[in-house]
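Trainee: Okay, here's the structure, questions in a sec.
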Amino acid sequence: MIITIFGPPGSGKGTQSSLLIAKYNLKLISVGDLLRNIISSSSELGKKIKGTVESGNLIQDEIICGLLRDQLALVDDNCLLDGFPRNLNQAHFLTQVLQEKYNRDVDIVVELQLDDNIAIDRLKNRLACLDCKSIYSVSSFKSTTCAKCKSTRLEKRIDDADMSAINKRISEYHLQMKGLREYYKGKLLTIDANLSVDEVTQEIESKISCNLV
C-alpha cells in the first residue's frame, strides 16, 4: 500500500504519519525531515535550502524530486509519503516514478484540512525535538526534556520563526492544492485536522478502512 499525506503547515502531518506507519507497517519518507537533515549538515545545498525555507518559499521541484527518487529506491511498495507531492508537477513526477518502479500509483491520498487561524496559532507555539522529531506546544508543554526520547534539544523550527513566512507558506499551500485535489480525485480522503490528535487518527483510519473494502 502506498499512502501520501499532505496538509497545510501545522496540520499534524508528522504526528499522523508516525501513527499510520505503525498501524499499517509502512516505511516513512518524510520530505520535511529530509530537508531539515540537509539544512543541519551546513552543506552548500543545506545553506541554499535554509534560505528558501526561512523566506517561506517552496524548495525547487528539481531538489525535492531528486530526494524523493533516492528515498524510493530504498523502500518497497509499502510506504507513506509525508508532505509529498506539494504541487501538480511533483504529482506527475511521483506517478511516473511509481509506475517505473512498481507498475502502480498511489493508493490513498490523505488531505488534512485545517483552518488558517488554527494553523497560525499552532505554528507560533510549535516546539520540535531535534532528535526524535516529536512536536509539542509551548503553551502546554513546560518541560525542557522531550517526553518521548528524553532529549533536551527542543527548539522552534526555523520556518516557524517569521510570521510573514508562515502566512506565505499557508497561502502557497492553498494555491497548489487546487490542482492536487483534481489530480487525485477518487483517491482523496479529506480529514478535519481541527480536531484532537486522537479524533483525527480515528477519522483517517475509518476512511482508509472503507477505502480498502
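Glycine is treated like the rest: Cβ placed from N, Cα and C.
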Trainee: Name the residue, out of LEU72, LEU195, that Swiss-Prot lists for the same ATP site as GLY10, SER11, GLY12, LYS13, GLY14, THR15, ARG126, ILE135, TYR136, please.
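Mentor: Swiss-Prot names LEU195 for this ATP site.
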Trainee: Specify all same-chain residues, apart from the site residues CYS129, CYS132, CYS146, CYS149, whose Cβ lies within 8 angstroms of the center of the Cβ atoms of the Zn(2+) site, ordered by sequence.
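Mentor: Surrounding the site, in chain order, are LEU130, ASP131, LYS133, SER134, ALA147, LYS148, LYS150, SER151, ARG153, LEU154.
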Trainee: Can you tell me the three-state DSSP label for GLN90 (AMP binding site)?
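Mentor: Reduced to three states, the DSSP call for GLN90 (AMP binding site) is helix.
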Trainee: Around GLN90 (AMP binding site), how many other CB atoms lie within 10 A of its CB?
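Mentor: GLN90 (AMP binding site) is surrounded by 19 other Cβ atoms within 10 Å.
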Trainee: TYR136 (ATP binding site): which of the binding-site residues ARG36, LEU58, PRO85, GLN90, CYS149, ARG169 have a C-alpha within 10 angstroms of it?
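Mentor: Of ARG36, LEU58, PRO85, GLN90, CYS149, ARG169, within range: none.
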Trainee: I need the least crowded one of these binding-site residues (GLY10, GLY12, PRO85), counting other C-beta atoms within 10 angstroms of each C-beta.
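Mentor: It is GLY12 that, of the binding-site residues GLY10, GLY12, PRO85, has the fewest other Cβ atoms within 10 Å.
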